[in-house]
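Written below as structure tokens is the structure these notes are about.
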Amino acid sequence: MTLTDKLRTAGQKIRTADEKRASFIQGARGRWHDLPKAWRIAAALAGVVVLFALPNLYIPGIPFRTDEVDGGNSFGFVLSTIAIYVLVAIGLNVVIGMAGLLDLGYIGFYAVGAYSVALFGSPQSIVATKFPWLICVPIAIALAMVSGVILGTPTLRLRGDYLAIVTLGFGEIVRLIAVNAEFTNGTSGLGGMPTPPGTWPAGTELEGTKLFSVNDSRPFYWLTLVLIFAVIFGVKQLERSRVGRSWLALREDEDAASLMGVATFQFKLWAFAIGAGIGGLSGAMFASRNGHFGSNSITLLLSIMFVAAVVLGGQGNILGVTVGTVLAFYLPERFRSFADKRDLIFGLALILIMVLRPQGLLPSRRRARELADRRQEAKEATIVG
Amino acid sequence: MDFFQGMADNFSNLWTIIGDLTVTGLTQGAIYALIALGYTLVYGVLQLINFAHSEVFLVGAFGSVMVWGWLGYSSGAAAVPPLLVVIGMLLLGAVTASIFSGGTALIIERVAYRPLRRKNAPRLIFLITAIGASVAISEIVGLLVDRKVVSTPALVHQKFQVWFDPSDIGLNINSFGITNLQIGIVLCAIGMWLALDLFLNRTKFGLGIRSVAQDEDTAALMGVNKDRVIMLTFLLGGLAAGVAAVLYNLKFPQITFDMGFLLGIKAFTAAVLGGIGNLRGALVGGLVLGLVENWGAGFFGNDWMNVTAFVVLVVVLMFRPTGILGDSLGKARA
């Protein structure tokens with residue numbers, strides 16, 4: 001048996017395993033929809049309760065907590081980071097998965113959100129008035145949306161991959177400004193971020209002390225979870241509305257959509273602005289969770305990781321992008337012994353999964369059908385050619 | 001008024017050192033141009049941004065330093081070797097780097113792109129596998145060198161060949177010179193471009209590449225083997241990147257495993273600036289980008305050098321997405 005034969009059989013094995021997994025998911029989906037509605041609601045509620053209880057959960061025998069490994073970070077910290085990144089993924093999913101616009105510089109909006117909180121709330125910033133957290137966050141969202149519109153207006157007329165590179169350039173410009181400008185204070189950054197109001201309720205261990213502080217990340221995790229559910233609700237509503245249908249149309253065939261009277265540019269700009277707003281919100285959460293934000297937190301690799309996580313999980317499907325993000329950011333924290341090789345493994349996994357399953361691990365059904373369609377077209381083209 | 005006064009000061013400051021900036025800019029631009037050739041070739045044929053091309057360059061740079069090291073020419077060597085040895089080493093380095101780079105380009109095409117081409121996957125997916133390949137390759141190099149900075153040997157004794165003093169003719173510009181290495185780098189880039197241009201326009205292989213770039217289905221009907229043409233395209237891009245890698249090693253004292261990313265983006269900017277899919281465009285775009293970013297650095301300060309490059313990219317794409325020269329490989333001389 002030659003090496004190529006071995007490789008081929010190995011590839012075949014991986015492919016059949018993957019097909020089994022896919023059909024299992026398909027079956028699970030069907031069974032889930034067959035359940036009575038009351039059961040489904042009960043199961044979803046139980047799931048939400050588990051999510052909220054997660055930072056305090058210990059299961060003997062299953063070491064899933066990151067603080068159970070050598071040198072691991074506090075589980076609450078890791079969970080809140082992942083939750084913030086899931087929020088990023090949901091925002092990015094609006095841009096990539098729903099409207100089909102490839103944005104590689106999404107971290108730029110995240111940074112705008114984070115620096116807005118820093119500028120308007122931190123005592124170290126050059127802005128004289130210090131605003132409380134509840135005012136800083138809307139400012140962060142608004143500024144991020146404005147920057148989305150400013151970037152989108154000239155660039156959204158460009159074709160797909162040009163847009164990708166321009167957004168990448170935008171992300172890098174934001175990062176370089178953060179490094180070099182005076183108001184961002186470069187790598188040392190700005191500290192003393194405002195935190196959400198609230199104290200620990202009576203009956204808890206820390207009764208009376210501030211609920212949100214840098215010492216305990218769990219409240220930030222809970223708050224981010226609430227925000228995630230709210231944002232998912234909003235995005236779902238949008239998806240089902242005229243806006244969502246327009247996004248779908250321009251994603252599948254921009255020319256056809258435009259001929260049918262869809263104002264493509266306007267809806268693209270909406271997608272960009274909404275995505276940017278969600279990105280700004282997650283950046284604001286990140287900055288207030290850390291209590292500090294400097295230019296080191298912005299890397300283009302992280303921006304690309306976000307995109308990769310979204311595509312890996314299955315663009316267009318909110319559950320899919322969530323799973324992709326959790327995998328991409330949880331596994332490296334849990335298996336720290338591989339920390340040295342984690343980017344390598346991530347890169348290789350990205351190639352393997354995309355080659356086998358371009359629609360992602362948990363694809364949106366509509367996206368999967370679009371891809372199957374293209375594959376069929378390719379097959380027909382080769383028969384003719 | 002302080003602002004305008006500051007701008008005027010910056011400008012006069014830029015003007016006095018413009019000679020040096022121009023020479024440095026052209027040299028760096030030549031290296032960008034060589035890398036940009038790879039982006040432009042692949043884009044011309046497949047309409048695909050080969051995001052992993054920066055790693056093709058990276059592997060070539062490390063490959064040539066490794067082979068020089070085996071032969072005893074590492075960064076520690078005090079004296080510059082005799083001329084014949086230098087020429088031999090340069091040729092050897094160029095051959096090694098080209099083999100490493102070309103091989104990497106072929107592997108990327110085979111592993112990350114070909115399976116997707118069969119499936120007619122959307123472009124976004126190509127970009128994601130390319131990102132995967134890029135991360136994986138730079139991490140492999142990083143693990144091999146323990147993520148350390150690697151110093152390059154000083155093979156060429158740099159000395160000034162020409163010396164200009166513009167104050168002789170009444171201009172308020174500092175005197176500046178051009179070194180042998182700088183002349184060599186620019187000549188190499190022009191030579192490589194000429195060779196590629198001749199190859200594309202005068203040989204049967206070149207005809208194949210141009211035909212696939214124009215219309216792949218018709219080319220297939222005329223008996224052109226598409227897969228082989230695409231492999232050849234990647235290989236040519238790899239060769240140019242290999243030459244760029246050797247020149248980079250000569251010019252810069254250190255290389256790192258993560259240097260590919262920024263260089264790749266700059267080279268891509270150069271390709272877009274000149275008109276992607278167009279070989280002449282890559283050369284012109286590279287040189288222009290090198291000049292603009294060095295002048296920008298002189299005007300705004302060194303910290304803002306990369307910002308200038310990216311702003312140029314965004315502005316060019318906004319106002320002239322087809323670049324300075326504008327036509328693509330397929331349409332050119334159709």
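Every residue gets a Cβ built from N, Cα and C, even glycine.
Unlike curated entries, TrEMBL annotations are predicted automatically.
Some features that TrEMBL has for this protein:
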type	residues	note
TRANSMEM	A:38-59	transmembrane segment
TRANSMEM	A:74-95	transmembrane segment
TRANSMEM	A:107-126	transmembrane segment
TRANSMEM	A:132-152	transmembrane segment
TRANSMEM	A:220-238	transmembrane segment
TRANSMEM	A:269-287	transmembrane segment
TRANSMEM	A:299-332	transmembrane segment
TRANSMEM	A:344-362	transmembrane segment
Quick test of the contact rule: Cβ under 8 Å, at least six residues beyond the ends. What residues does that give for the transmembrane segment (A:344-362)?
14-15, 18, 22, 25, 305, 308, 311-315, 317, 319-320, 323-324, 328, 332, 338, 368, 371
Tally Cβ pairs under 8 Å between the transmembrane segment (A:74-95) and each listed stretch (A:38-59, A:132-152, A:220-238, A:269-287), then give the stretch with the top tally.
A:269-287
Contact set, same chain, for the transmembrane segment (A:132-152): CB under 8 Å, 6 or more residues outside the stretch
108-109, 112-114, 116-117, 120-121, 167, 170, 194-197, 268-269, 272-277, 279-281, 283-284, 288
Answer yes if the transmembrane segment (A:269-287) and the transmembrane segment (A:107-126) have at least three CB pairs under 8 Å among residue pairs 6 or more apart in sequence, and no otherwise.
yes
Annotated stretches the transmembrane segment (A:299-332) and the transmembrane segment (A:107-126) touching (3 or more Cβ pairs under 8 Å):
yes
Within the same chain, where does the transmembrane segment (A:107-126) have neighbours whose Cβ lies under 8 angstroms from its own Cβ atoms, ignoring anything closer than 6 residues to its ends? I mean 6 or more beyond.
88, 91, 132-133, 135-137, 139-141, 143-144, 147-148, 151, 167, 170-171, 173-175, 178, 182-185, 189-194, 275-277, 279-284, 286-288, 293, 297-300, 302-303, 306
